[in-house]
Amino acid sequence: MKGAVKTLVFLSIFIASGAHAAIYMCKDASGRTLTSDRPIPECADRAIREYGNNGAVKRDISAPLTAEQKREKQQQDDKKKAELVAADEQKKSDRALSARYRSEEDITAARKRDTSVISDQIAQQKKALSSADRDWKEAQAAVEAQKKKGVVPAGLQYKLDRADQNVRDLKVRISDSEIELAQVHAKYDLTLQRYREIITASAR
């Protein structure tokens, strides 16, 4: 009976509102169904359905987003935007890679060229370390000999300290160079992997 009454009320609004009027319907916070021929203030924060003058649904107006929903939507939008930017950057990178390397042999040659410079540098640093280590041992032996005689001359102690610092510095430089060499190899490993992925995708 209640449903029939609502239907009659709804139809009467259409008749009274005129041929060109729209009808808005929503449920307020208490669950009551409200209808009007203009937007309903009580449903400003709720979903609204708009009917045309023929009684058919014209459109559904979603409820405004809450503050939390706005934050979530912003996060989703930012994520999608970042993904699009990343995809575009990947395409540019792939085009540049394909233009630079025509074969896996090109990548191998580039790797050898870049790593050989660092490898030569490491070899020179290790040679210098060997020499510095000998200097340190000589200075250390001289200091120990002077200690047995009494006071170590300041100049001799300075020589030992300088030799010790030289050894430390060279070890740090060798470590840095070895890290750099590993990074270059890792870069070319990724380059080769991506090149193969591009070739495989283009062959499909």
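Yeah, the Cβs are placed from backbone N, Cα and C, and that goes for glycine too.
TrEMBL entries are annotated by machine, without manual review.
Feature list (source: TrEMBL):
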type	residues	note
SIGNAL	1-21	signal peptide
DOMAIN	11-52	domain 'DUF4124'
REGION	66-101	region 'Disordered'
COMPBIAS	68-101	compositional bias 'Basic and acidic residues'
Problem - Segment confidence, the domain 'DUF4124' (11-52), expressed as mean pLDDT - result: 75
Practice task
Sort the residues of the region 'Disordered' (66-101) into helix, strand and coil with DSSP and give the three counts.
Solution key: 34 helix, 0 strand, 2 coil
